[in-house]
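Peer 1: Here's the feature list from TrEMBL:
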{"type": "TRANSMEM", "residues": "31-53", "note": "transmembrane segment"}
{"type": "DOMAIN", "residues": "34-206", "note": "domain 'Sodium/calcium exchanger membrane region'"}
{"type": "TRANSMEM", "residues": "157-176", "note": "transmembrane segment"}
{"type": "TRANSMEM", "residues": "188-207", "note": "transmembrane segment"}
{"type": "TRANSMEM", "residues": "325-344", "note": "transmembrane segment"}
{"type": "TRANSMEM", "residues": "350-370", "note": "transmembrane segment"}
{"type": "DOMAIN", "residues": "352-515", "note": "domain 'Sodium/calcium exchanger membrane region'"}
{"type": "TRANSMEM", "residues": "377-396", "note": "transmembrane segment"}
{"type": "TRANSMEM", "residues": "430-449", "note": "transmembrane segment"}
{"type": "TRANSMEM", "residues": "461-484", "note": "transmembrane segment"}
{"type": "TRANSMEM", "residues": "496-517", "note": "transmembrane segment"}
Amino acid sequence: MAHINMADTARSCDTYLLFNGETLLPNGVRAFIYTVVLAYCFIGLSAITGRFFKSMESIMRHSREVVTVDPHTNATIVKHEKVWNYTIADVALLAFGTSFPQISLATIDAIRNLGQLTAGGLGPGTLVGSAAFDLFPIHAVCVVMPRAGSKKKISDLGVWLVELFWSFWAYIWLYIILEVWTPRVITLWEALLTVLQYGLLLLHAYAQDKRWPYVSIPLARGERPEDWVPAEDASVDYDDNYDGIGDILPGQNEDIVDIFSAHSYSNEGYHHVSEKDVEESSIGLTLKNKWEDTHWFSIWWQQFVDAATLESSVSRKMDSTCLRVIRISWNLIIAPWKMLFAFVPPYEIAHGWIAFICSLIFISGIAYGVTKITDQISYVTGVSPYVIAFTALAAGTSWPDLVASKIAAERQITADSAIANITCSNSVNIYVGIGVPWLVDTMYNYFVYQKPLYIDNAAGLSFSLLVFFATSFGCITVLVLRRVILGAELGGPRMWAWATSVYFMILWVVFIVLSSLRISGVI
């Protein structure tokens, strides 16, 4: 089997990406071109992720009106309850959304390998590498994000511990099915159990959030501010840091992407309003809905106008000609992406669900292109696809995780969502990102060949998991020490914040170097 794969790879070196003339170019030139195209795909992924988050914010903001009668006063009480529970929104929407580039890449890689008894390597390699990127570089960025001297700590330790447990168990489970239960083979039942554990994570996280007896950790929730994003920070412009493609125009602050503002709610999950306020807000809501229903086509058309605009009114006011040229050049480079993604319907329609689904389709399309480009880079350079997956693909597809956690660390009062996004994303990577592709392949092999799914480089993947366990233990230990000594996981004295950040980056480099050397056969 190994000899056949090597022969196939040798023949595949003559393959091309777009046109046959590519094979006439030197391999070094081809590798450079493919790398530039891969980077351009990551820019597009960042752009569509911005629209994806806007639609997700709209979904998370959706609330329903609940009317009850006070039994003592017979007064009518109107409650506005969020449709999505806070913790479930973090695990199901935020973590799933930021991990969807990796999930779609792994699923596409699995579909491409249907009919083969051996699983593809891009998906698992990218997801394990993404877990390391999430845990180390993203923590390194978040720990220095709070203002100098300020501290941000996790307010709900119980929920974080539950999420942390399922995050670590995910990788322990992956090692068990790779090396212990059925070594280097994945059966249909193993894949099915992997996916089902995501449901257990959701249930356990919800139980902890609601403090169900017997199944939740008896830890009190710390104080949460009623306004999740403080008023003094609400006007700060973070859009350019978020999607990297937009200009903030005067009067457009309401369009700034802020997925975390959806978490603004009271501890009871609703707020009381007077009848007068309800009446006024209902009228305003009705007028707003009528306006959106009538003018959504105009909003959609404006997306195309914005995509075709290379210079905004803000950039025209810049005194520096050099900066204006750079801004215009950048907008020109990303104009194709902006124009393509303008076809995504406005997120004001149907609470954002249509834009949500369309964004997922675009993300899947980019992920498919990334897999093809990665194949070409591997063919012309001879670098193992696993190494590329651990490094370039993991970092590129984890960009949404980095941006989401960075914004949370900057804008939120506590460190809950910034750190929860990391731990939950790592869980989603395994239970969904690896579980679903393996379930697809094992089901196909079971019904067509009556065979399980073989993992070609299980030893290298298992070694990476062991390195990940060791380095992640060092990461979590430092977070606990910061909590005990400094009183917070993020921020604190600048010297200690930067020292922690450098330490996390060193752990990531250790993981990358050891995993790459093992997969390449050096160690």
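Placement of Cβ uses the backbone N, Cα and C atoms for every residue, glycine included.
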Peer 1: Between the transmembrane segment (496-517) and the transmembrane segment (350-370), are there at least three Cβ pairs closer than 8 Å, leaving out pairs fewer than 6 positions apart?
Peer 2: no
Peer 1: What residues elsewhere in the chain lie close to the transmembrane segment (325-344), defined as a C-beta under 8 angstroms and at least 6 residues from its ends?
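Peer 2: Here the qualifying positions are 43-44, 47-48, 51, 55, 245, 247, 300, 303-304, 306-311, 315, 318, 355, 358-359, 362.
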Peer 1: Where among 157-176, 350-370, 377-396 do we find the most Cβ pairs under 8 Å to the transmembrane segment (430-449)?
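Peer 2: The listed stretch sharing the most Cβ pairs with the transmembrane segment (430-449) is 157-176.
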Peer 1: With a cut-off of 8 Å between Cβ atoms, can you find at least three pairs linking the transmembrane segment (461-484) to the transmembrane segment (31-53)? Only pairs 6 or more residues apart in sequence count.
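Peer 2: No, these stretches are not in contact.
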Peer 1: Short question: which residues 6 or more past the ends of the transmembrane segment (31-53) have a Cβ under 8 Å from it?
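Peer 2: For the transmembrane segment (31-53), the list is 17, 22, 25, 97, 100-101, 242-246, 257, 259, 333-334, 337-338, 340-341, 344, 347, 355-356, 359-360, 362-363, 366, 369-370, 373-374, 376-377, 380-381, 392, 396-397, 399-400, 403-404.
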Peer 1: Residues of the same chain, at least six outside the transmembrane segment (157-176), with any C-beta under 8 angstroms of its C-beta?
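Peer 2: Hits for the transmembrane segment (157-176): 87, 91, 128, 131, 194, 197, 200-201, 204-205, 208-209, 211, 216-219, 221-222, 416, 419-420, 423-424, 426-427, 429-431, 434, 462, 465-466, 468-469, 472, 476.
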Peer 1: Checking distant contacts: for the transmembrane segment (377-396), what same-chain residues at least six beyond its ends satisfy Cβ-Cβ under 8 A?
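Peer 2: For the transmembrane segment (377-396), the list is 9, 12-13, 15, 27, 30-31, 34-35, 38-39, 41-42, 45, 102, 105, 121-130, 132-133, 137, 370, 457, 460-461, 464, 512, 515-516, 519-520.
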